[in-house]
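This report concerns only the one structure given below.
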Amino acid sequence: MQTSGLTLEPPGVASPATLAVAAVTFLTALVLYELFTYRKRRSMPPGPFRWPFIGNTLQIPQVHPWLTYSRWAQVYGDILHLDALGQHIIVINSAKIARELLDKRSAIYSGRPHLVMAGDLAGQDRLLILQPYGDEFRQQRRFISQDLSVAAVRRYYDIQEAAARRLVLGVINDPGSLESQIKVNIASIIMLVTYGYTVKGTDDPFITRPFEVMDNFNASMTPGVWIVDMIPQLKYLPLWTPGATFLKTAKVWRKHLFTTNWMVYSWSKESSENGTARVPNLCASVLTEMEGKVTPQLEESLMWAAGTVLGGGLDTNISTILSFILAMLRFPDVQRKAQVEIDAVVGSERLPEISDRPSLPYIRSVVTEVYRWLPAIPLCIPHALTEDDVYNGVFLPKGSVVMPNVWHMLHDPTIYPDPDAFKPERYGGLDSEMKKVTDLAFGFGRRACPGYQFAQGTIFTIVATMLATCDIVPVVDEHGQNSIPDVGYTTGTIIFPVDVKCTFRPRTEQARAALVEASVL
């Protein structure tokens, strides 16, 4: 229809002139955006093609991201840059660069990025592992470091050794209970050392609840899953907002985190005072040292420090032991060589102890190779850069999320030839070579794991006890063939080998009898 010589467009249809103006406006904004960001980007590390405005948001992988970053390292080099909706992400694929930045420049690389789902909403940033660098971080770390120092951990050797023996005996008696035996015995070590609590069994709420907390932690840290991490303003939505299920999820997780940590801490405090908790333990030691000077703030710091030891030690140690078993199934020659060393050094009259560690270089090499072959945390929990920095002429802006790709560092074929093979011999029995691996596996700078000496003792005694007493052999399938599991693993902050099934066959009846005799603490 025409009116006064003009053509009227149907309702809701933009005219060509309107479309032209919109297109020009968009292109102008795009050009201005590119000009505004180009100067900064040209001196930053290289990285994959980035789209205007959204950057690399759609390219950041949610499944096994360390493998993608490892492939990108072949194209872009040892340090690469990603842009997620304006958030700079620096991925480091080189151990040398990671040490230079995160260790030597730790004063500006020790922050944590602002994690909305895990921190603001779920409350996980109260734990040391996500705590911003500052006074509270230093206080919690001091509590842990004092009780789990090289000298202090010796008083916990008997706990670790007894649990290792119960674990192996439990798997011998019930081959289908491998994972549950690993879980309950590692949890029993940590609960006794941290709180003085003796675990009652696999369904004890003092361990089932912490495992649930760790599941929530891993879920909250998964990149790209929570829209609120990309659009932080969404955290202010009312709880009843349609579609904002993340708010309800975070509320449940937060309550579970706080009530679980208070439950185990308050039990430890009361039981240490009335003499029913096993002492020494971390909480009792700190409270005794602070006698008369305990403030509510210090007590809360202790609660979260203890919770960090519990949470940080559960899944990582479980992952490492499962990876060790997988390696023994796939590389039986390594298992036999390790057993020869134990037999020669320890003999058959007793079980190995943590104090034997200096005399067992091949066993130490096996443990180190497990850390390298399947690191429990392949992509280090991100650091945050608190000031602008320059490395080898490359600009690294303040506020960047810094992600050390530990997987790539430990699978770099130029440093570790044939990286997918399990070869303890690659260290030549030298602790100096093994340290290069453990230094990467346990974190960087001021964020390095304060309980690594304790963790290494736990892993060593379990590995040595398994090798001394049992042959770890594949299960037999319905066709009578050995069923050797593939090297597959989950995704997430902490990863686990999948479908690890085996049989623990006692090497001698004497070995079984020794386990029975020694498994009671």
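Please read every residue number as a count from 1 along the shown chain.
Quick reminder: no glycine exception, Cβ is built from N, Cα and C everywhere.
It should be emphasised that the depicted structure is a prediction, and the values quoted were computed from it without experimental measurement.
The annotation transmembrane segment is assigned in Swiss-Prot to 12-32.
DSSP assigns Asn218 (N-linked glycosylation site) to a helix. Around Asn218 (N-linked glycosylation site), taking its Cβ as the centre, 17 other Cβ atoms fall within 10 Å, counting all chains. The N-linked glycosylation site annotation in Swiss-Prot covers Asn218 (among others).
Taken residue by residue with DSSP, Asn274 (N-linked glycosylation site) is part of a helix. Residues annotated as N-linked glycosylation site in Swiss-Prot: Asn274 (among others).
Non-local neighbourhood of Asn317 (N-linked glycosylation site): Ile186, Ala455, Thr458, Ile459, each in the same chain, at least six residues away, with C-beta under 8 Å from its C-beta. Swiss-Prot lists Asn317 (among others) with the feature N-linked glycosylation site.
DSSP assigns Cys449 (heme binding site) to coil, not to a helix or a strand. Cβ environment of Cys449 (heme binding site): Gly312, Phe442, Gly443, Ala455 lie under 8 Å away, each six or more residues apart in the same chain. According to Swiss-Prot, the heme binding site annotation covers Cys449.
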**Message:** Among all protein chains shown, how many Cβ atoms are found within 10 Å of the Cβ of Asn274 (N-linked glycosylation site), not counting that one?
**Reply:** 8
**Item:** Between Asn218 (N-linked glycosylation site) and Asn274 (N-linked glycosylation site): CA-CA distance (Å)
**Value:** 36
